[in-house]
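**Q** Structure below; questions to follow.
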Amino acid sequence: MLPINRDAIRSDCYFCMFLAALSFAYFAKALCGSYMKSTITQLERRFDIPSSLIGVLDGSFEIGNLLVIAFVSYFGAKLHRPKIIAVGCILMSLGTFLIAMPHFITGRYTIETTIRSPVNSTNTLTPCPVRTSAESSWKYEEPSLQPTRDCEQESSVSMWIYVLLGNILRGIGETPVQPLGISYIDDYAQSENAAVYIGCVQTIAIIGPVFGYLLGSLCAKIYVDIGYVDMDMVTITSSDARWVGAWWLGYLIAGVITLMSAVPFWFLPKSLPIPVDKHDRSCTPDQTRFIKDSPIMTHKIRQEEPANLYLMANEFVPTLKALFGNPVYTIYLCVTILQFNSLIGMVTYKPKYIEQHYGQSASKANFFMGMVNIPAVAVGMFSGGVVMKRFKMGVMGAAKFAFGTSLLGFFLSLLFLAMGCENSKVAGLTVSYTGYEQSLFSDCNSRCFCSSKGWDPVCGENGITYVSPCLAGCTSASGSGINITFDNCRCVGVSYIKSGNLTAILGKCPHRESCDKVFPYFMALSVLSSFIISLGGTPGFMLLVRCIKPELKSLALGIHTLATRTLAGIPAPIYFGAIIDTTCLQWGYKMCGGKGACRIYDTSAYRVVYLGLTLGLRTLSFIFCIWGFALLKKHLSREEKKALTNGSAEMELLRKEENSCVHGEPFILGLDSDVDRETDL
């Protein structure tokens with residue numbers, strides 16, 4: 001009977017515990033990140049801010065990463081990695097709770113509307129105050145520039161600052177999870193199993209965005225002040241551009257989940273015994289061919305020795321030089337930066353694009369993202385690894401495969417430009433009242449004292465939306481809450497030949513049936529293109545991880561994340577949002593008179609700038625891909641010639657090591673566990 005190796009069993013248990021804990025941490029951070037994306041329009045409406053400022057809030061997560069990622073990746077690899085990850089999870093949780101705080105310290109959400117209750121309590125509403133009436137009980141006027149007490153209270157502190165600070169804290173907390181977690185697995189797992197373990201972690205993490213968007217869909221259906229207001233008196237529905245869902249609820253749920261993910265890491269050791277197959281001091285040919293003059297490991301088991309911070313600091317700059325001395329790594333960074341700019345900008349505003357262009361509610365847009373798009377990306381990334389193993393691709397073959405799938409996905413994405421809908425018919429904005437000059441004011445509403453600002457749409461019998469019942473020329477109304485009906489709307493009769501009472505109802509007119517028919521084709525093409533592009537995620541990660549020396553792995557992962565988030569994660573949502581803002585047709589206005597959130601966009605212009613910018617960035621990345629192919633081929637040819645001069649035996653070893661480099665990665669997904677940041681080298 002063989003003796004029981006209790007140390008080996010304990011080590012295996014610790015490793016399995018770390019694997020499960022890291023999977024849960026990946027799930028939690030992916031859920032938080034995707035939920036943040038799903039609340040973009042809710043935050044924009046709640047705090048009355050434009051898309052460009054929303055881009056700053058979204059990019060603040062990357063700012064948090066930028067502050068600490070290089071140092072965490074370098075110094076953290078030499079310290080107690082599980083406990084550093086635990087601290088990061090706690091910081092993520094605190095940041096998530098901070099984002100939800102404005103809901104509890106500010107007043108109730110006030111729906112922007114031109115309808116005011118009359119001074120005299122009657123059941124008859126008069127939405128068209130006559131200009132000559134000096135003592136009208138109704139007031140329709142431009143937003144006052146004189147600050148009121150409510151205005152002063154509201155503007156004393158901008159509530160979105162809490163969202164900004166909370167997201168920065170989330171970014172700081174998320175920093176150690178990926179580089180330290182992946183390097184810990186790769187250090188203490190058997191070489192042939194490391195790829196499978198990493199793939200399992202990131203496969204489980206794919207579930208995070210699915211649940212994140214589904215949570216966003218659920219919360220978007222619930223009114224922001226549910227439980228505090230009488231829903232029968234709310235005059236808007238979830239498809240209205242002014243609707244704000246219970247955005248804060250999802251952040252509380254996500255914060256609790258993230259806090260729970262920190263617990264297991266406190267009970268894990270700093271290091272584990274290194275597997276026998278990693279006792280060899282030498283590195284693989286793939287690791288030595290790309291990065292030169294880096295230190296070689298001098299011990300077989302990580303020793304629990306005190307960290308010498310001064311020595312580590314002195315070695316930091318030379319190590320960076322060794323890393324960036326690799327031209328393939330540098331080109332790889334350029335490609336992924338451009339791809340991530342395109343990807344992050346597209347994913348950040350895709351739910352909003354679905355809302356504005358196809359007339360879907362925020363809840364439905366998030367549901368489609370979570371249940372249709374994200375699973376397609378997950379299946380694509382998994383399938384990419386399987387295809388690589390099945391056809392036994394080398395390094396160059398894998399790079400060509402990734403480039404081909406990305407290029408095919410690009411050509412499919414061009415079809416999105418043809419799947420557009422015409423602008424909604426809004427009197428004075430997209431169509432004129434009389435067929436001549438396009439203006440909000442016309443003879444039909446000239447008797448009314450109407451405001452040109454704000455957004456309180458009504459749908460006329462003629463199928464045209466009017467910015468407000470006053471601008472529709474309606475003289476009376478009946479009913480309450482969402483069932484108010486406006487009568488004698490003079491502007492409706494201008495383009496609608498009908499005698500008698502001309503009515504309008506609350507809300508924007510629904511999209512035309514032809515637009516509803518296009519939407520399923522848009523979603524089908526979106527799924528197909530996402531799947532094909534995602535097939536290229538595995539090769540990029542394989543090149544990054546397996547062709548770098550072990551002691552540079554954490555730093556290489558950290559620098560890659562630092563570069564992509566600094567040059568893509570931060571600026572992409574901002575300039576995408578600023579460009580989208582240029583297509584706005586009607587802005588909402590704050591209580592203090594300032595410009596608020598956009599209520600309706602020029603959908604044709606939105607489609608052109610949104611898709612055009614996305615596809616343009618990807619086109620530019622293909623130029624760097626071709627350059628990268630040339631450098632990679634040059635490196636491989638040089639090493640093969642060098643191997644031939646050293647004998648056929650060394651050549652055979654080189655080929656075996658190259659194949660093991662590729663074939664050992666069947667299930668690796670993208671570098672980031674968030675599906676909205678897969679690598680497309």
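Glycine is no exception: its Cβ is also placed from the backbone N, Cα and C atoms.
Keep in mind it's a predicted model, so treat the numbers as computed, not measured.
In case it's useful when we look at the structure, here is the feature table from TrEMBL:
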- 18-622: domain 'Major facilitator superfamily (MFS) profile' (DOMAIN)
- 438-493: domain 'Kazal-like' (DOMAIN)
- 12-36: transmembrane segment (TRANSMEM)
- 56-77: transmembrane segment (TRANSMEM)
- 84-105: transmembrane segment (TRANSMEM)
- 194-224: transmembrane segment (TRANSMEM)
- 244-268: transmembrane segment (TRANSMEM)
- 329-347: transmembrane segment (TRANSMEM)
- 367-387: transmembrane segment (TRANSMEM)
- 399-419: transmembrane segment (TRANSMEM)
- 518-545: transmembrane segment (TRANSMEM)
- 566-589: transmembrane segment (TRANSMEM)
- 609-632: transmembrane segment (TRANSMEM)
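So where do these features actually land, and what's packed around them?
**A** Helix, strand and coil counts under DSSP for the domain 'Kazal-like' (438-493) come to 10 helix, 12 strand, 34 coil.
If one looks beyond the transmembrane segment (244-268) by at least 6 residues along the same chain, the residues whose Cβ comes under 8 Å of a Cβ in the stretch are 14, 17-18, 20-21, 24-25, 27-29, 31-32, 35, 38-39, 42-43, 45-46, 82-83, 85-90, 92-94, 96-97, 99-100, 102-104, 109, 212, 215-216, 218-224, 226, 238, 362-363.
Outside the transmembrane segment (399-419) by six or more residues, the chain places 339, 384, 387-388, 393, 518, 521-522, 525-526, 528-530, 532-533, 535-540, 543, 607-608, 611-612, 614-615, 618-619, 622, 625, 628-629, 632, 680-681 with a CB less than 8 A from a CB of the stretch.
Below 8 angstroms of C-beta separation, residues 48, 50-56, 58-59, 61-63, 65-66, 112, 143, 242, 337-338, 340-342, 344-345, 348-349, 352, 426, 429-430, 453-455, 467, 595-602, 605-606, 609-610, 613, 677 of the same chain, each at least six residues beyond the ends of the transmembrane segment (566-589), sit close to that stretch.
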**Q** Sort out the residues at least 6 away from either end of the transmembrane segment (194-224), same chain, that have Cβ-Cβ distances under 8 Å to it, and list them.
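**A** 19, 22-23, 26-35, 37-39, 42, 46, 103, 109, 181-182, 185-186, 231, 234, 238, 243-250, 253-254, 361-364, 366-367, 369-371, 374-375, 377-378, 381-382, 385, 664-670, 673-676.
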**Q** Restricting to the domain 'Kazal-like' (438-493), what is the model's mean pLDDT?
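**A** Averaged over the domain 'Kazal-like' (438-493), the predicted model reaches a pLDDT of 83.
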